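Q: According to TrEMBL, the protein carries these features:
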- 59-329: domain 'Aminotransferase class V' (DOMAIN)
- Lys195: N6-(pyridoxal phosphate)lysine (MOD_RES)
- Arg340: substrate binding site (BINDING)
Amino acid sequence: MRNYLLLTPGPLSTSETVRQAMLQDWCTWDKDYNLGVVTPLRKGLLEIAGLDPQDGTYTTVLLQGSGTYGVEATITCAVRPTDKLLIVSNGAYGKRMADIARHAGIPHVHVALKETEQVTPEIVKKAIAENPDATHFSVVHCETTTGILNPVADLAPIVKGAGLTLIVDAMSSFGGIPIDIRGLGIDFLISSANKCIQGVPGFCFVIARRSELEKCKGVSRSLSLDIYDQWETMEKGGGKWRFTSPTHVVRAFFQALQELKAEGGVAARYARYRENHDTLVNGMREAGFRTLLADDIQSPIITSFLYPSADFDFADFYEKLKAEGFVIYPGKISEADTFRIGNIGDVFPADFRRLTDIIRTL
Ligand SMILES: *Cc1c(COP(=O)(O)O)cnc(C)c1O
């Protein structure tokens, strides 16, 4: 039933069992769905994040829409008109957070780094020192634009030490790279259904410190993106969504979460993604390609490769690989001509060996 393998950072290749989980219709108002699917799903998200659902420090909100909806909902609910958001970006998704703040008229400062420059503790320290009135700090964990990994474990102590609320866009890393949410003191972490949990697209979720989420009451600039109201309805209604829930997508995600647990949890998935990445990069280097980023700042999620020559025809390369059953991704940066290959999804080292064997013959 597969047309091709998606080596893209979402939507990505899902397992057949995840896709099969969509073959039933569910009533959004019935307890089979709210208590049988949504409630255990919310609990399961906390569990895979290493958080104890019983202790109540952290909670989850599910929201209709793609990942950007979750980032926009969080920023527009968590940052009040009297607050100031400090954003340090090194790619399109970090820039998008600044776009969101600008659209909503939210006071913010945007420190934009080069797309190949990692967000370091020194940069964050300096940005906070220059903006003593900042109340919130947001950063992207894995910047999918290039595949660069920002060292959130080293950044968090600086942000929290300065007393700022920490918002992390972990869209393309949550579930695929271990993140110690509690230990790092992350206040809001955003991800979506169609990334490392390996579900299909249709909703996003926020893992939030409950005390911070409670402060969002009445702050939202939008009705449908109000994560406080959405959360309150889910809490009081035993898993009810405020507006039509993407039932099939949610049921598929519930299956995907079970498959993540069966694989051995986030640590095991991280190990597989690393092996996918290593197999890909070794094979590509053998085929004469170079990576955009140095290995020490590269994530195992998605990798940018430089065009091997000035006359490299990406469109032709893309079509040839597609004919062999692999869909890759164009580049997204201005500094260099690149294309990207994703390592996440229901894909395995053997798939990357097969891919690079084909690339060597092109
Ligand atoms: C995928 C992604 C998003 C959200 O993108 P959508 O197209 O709205 O799903 C945000 N941030 C990062 C880092 C991403 O990889």
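A Cβ is built for glycine as well, from the same backbone N, Cα and C atoms used for every other residue.
Unlike curated entries, TrEMBL annotations are predicted automatically.
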Q: Can you tell me how far the Cα of Lys195 (N6-(pyridoxal phosphate)lysine) sits from the Cα of Arg340 (substrate binding site), in Å?
A: 16
Q: Find, for the listed recorded positions Lys195, Arg340, the residue with the lowest Cβ contact count at a 10 Å cut-off, counting only other Cβ atoms.
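A: Counting other Cβ atoms within 10 Å of each of the recorded positions Lys195, Arg340 gives the minimum at Arg340.
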Q: Could you check what DSSP calls Lys195 (N6-(pyridoxal phosphate)lysine) once collapsed to helix, strand or coil?
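A: Coil, per DSSP.
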Q: When DSSP is mapped onto helix/strand/coil, what comes out for Arg340 (substrate binding site)?
A: strand
Q: Please average pLDDT over the domain 'Aminotransferase class V' (59-329) for the predicted structure.
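A: That region's mean pLDDT is 98.
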